[in-house]
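Undergrad: Relevant sequence annotations retrieved from TrEMBL are reproduced here:
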TRANSMEM  21-45  transmembrane segment
TRANSMEM  74-92  transmembrane segment
TRANSMEM  99-119  transmembrane segment
TRANSMEM  131-152  transmembrane segment
TRANSMEM  173-197  transmembrane segment
TRANSMEM  217-245  transmembrane segment
TRANSMEM  266-285  transmembrane segment
TRANSMEM  291-317  transmembrane segment
TRANSMEM  329-350  transmembrane segment
TRANSMEM  356-376  transmembrane segment
TRANSMEM  383-403  transmembrane segment
DOMAIN    384-434  domain 'Cationic amino acid transporter C-terminal'
TRANSMEM  415-435  transmembrane segment
Amino acid sequence: LVSSEKSSGSFAYLRVELGDFMAFVAAGNILLEYCIGGAAVARAWTSYFATLLNHQPSDFRIHAPALSPHYSELDPIAVVVITLICALAVLSTKGSSRFNYLLSILHLAVVAFIIVAGLTKADTSNMRDFAPFGARGIFAASAVLFFAYIGFDAVSTMAEETRNPARDIPVGLVGSMAVTTALYCVLAVTLCLMQPYGAIDKDAPFSVAFADRGMDWAKYVVAFGALKGMTTVLLVSAVGQARYLTHIARTHMMPPWLARVHPRTGTPVNATVVMLFATAVIAFFTDLGILANLLSISTLFIFMLVAVALLVRRYYVTGETTAANRNKLVACIAAILATSVATATCWGLNVDGWVPYAVTVPAWLASTVCLWALVPQARTPKLWGAPLVPWLPSASIAINIFLLGSIDAKSFERFGIWSAALLVYYLFVGLHASYDEAKAIAAEARAGKVEDGDAGQVAPPTNGK
């Protein structure tokens, strides 16, 4: 087995490159992603289950008028589904993987059916008004689309369960993302060819589309396939989020009892139960629209941090990079961030005209050119590495921040509240616990050196005895 430092994806990467504080902020948002993503999928599970039984989703939800409108549709079915997933994830990782493997094969068959059957009902006139909301609509949708990509980081949490993680993890990530992205695009085109955009149902789009096109029987196949697909997503999320929390707890930034692994099942039971309990609470109360926007902010923020960490990793090595190069690196990254934020702010505030962008975009380009031309790379990857550095990570920073400018202000308020809570916890609990753990590890290391005779020569007595 590889060490635990290699099994926690972006948390471990950010901890090495940007330090404990940024890693903790990222970890808090990663856990929020998993909880919100699982809650959103669980509520969507209820919607497709209702379609399968010829009902509306509201028929299976409890309306609580005393609560805020966005939190008043209580979803007990989502809680039941999450509870069953929790039980399966706790019992066995191998059993969960096998179950997930079988469901994935069946789900791919349903996806193929949707594409083939849907294209037989295609009407190209539905695509005439291709961008009804213009560029702003496209970027607003792109920001929410990141909702669909949070599960890929879960692959990196499985390093301890793979035989050759240096090869298997990158191949799994790149391969699954390429296939999934292609399928997303084909499915989106199929749906838009079947129905005009204004008629697409927000709860069960494909099932309703087939019913409207005279294929009532097909909507049951689609709903059944969607339920299996969402069950797979929930299971992968449950396994991944528990391992994330387990690794964070190993650093003592979270309570260490969350890192305990059950001796019989070999699964992190405490972390799994805690994460899925939080997911169930969110799924029970919260509207899908709120979940999607908040999740998008968190995901884009993490992607941006990872791109910054990649630049730091390639251009800075402690003890080797000169002070001058370090200062130039910091200045260039700060300029890239500042120009990206300026561009996103202009877009979010709906500033008229092209003049602001004619300033901010060339300034971003100039910052990247300076980094490329003035700062030498201090490290090259041994096996796998991102290409086109610094251009690709700089573009990633700019694009992720720009998409943040398309998300509504209310979602940023909720994100700010969550970030403030993380900061308070870190300052009063996580910082001290992780510092104490680091001191204890250092003391053990020194004690080991003394036992091995590596503590240096003992000074001879000076009094002649």
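Any Cβ shown, glycine's included, is placed from N, Cα and C.
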Undergrad: What stretch, picked from 99-119, 266-285, 291-317, 329-350, 356-376, has the most CB pairs under 8 A with the transmembrane segment (383-403)?
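TA: Top-ranked stretch among 99-119, 266-285, 291-317, 329-350, 356-376: 291-317.
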Undergrad: Please count the residues of the domain 'Cationic amino acid transporter C-terminal' (384-434) that DSSP assigns to helix (H, G, I), strand (E, B) and coil.
TA: 40 helix, 0 strand, 11 coil
Undergrad: State, in range form, which of 217-245, 266-285, 329-350 has the highest count of Cβ pairs under 8 Å to the transmembrane segment (74-92).
TA: 266-285
Undergrad: Using Cβ atoms only, state whether the transmembrane segment (329-350) and the transmembrane segment (266-285) have three or more pairs under 8 Å that are 6 or more apart in sequence.
TA: no
Undergrad: Taking the transmembrane segment (99-119) as the reference, which of 21-45, 217-245, 356-376 gives the largest number of Cβ pairs under 8 angstroms?
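TA: By the under-8 Å Cβ criterion, the transmembrane segment (99-119) pairs most with 217-245.
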Undergrad: Please report, as numbers and ranges, the same-chain residues at least 6 past the borders of the transmembrane segment (266-285) whose CB is under 8 Å from any CB of it.
TA: 31, 34-36, 38-40, 42-43, 67, 71, 74-76, 78-79, 82-83, 85-86, 89-93, 238, 241-243, 245-246, 249, 257-260, 291
Undergrad: Across the whole of the domain 'Cationic amino acid transporter C-terminal' (384-434), what does the mean pLDDT come to? Round it, please.
TA: 87
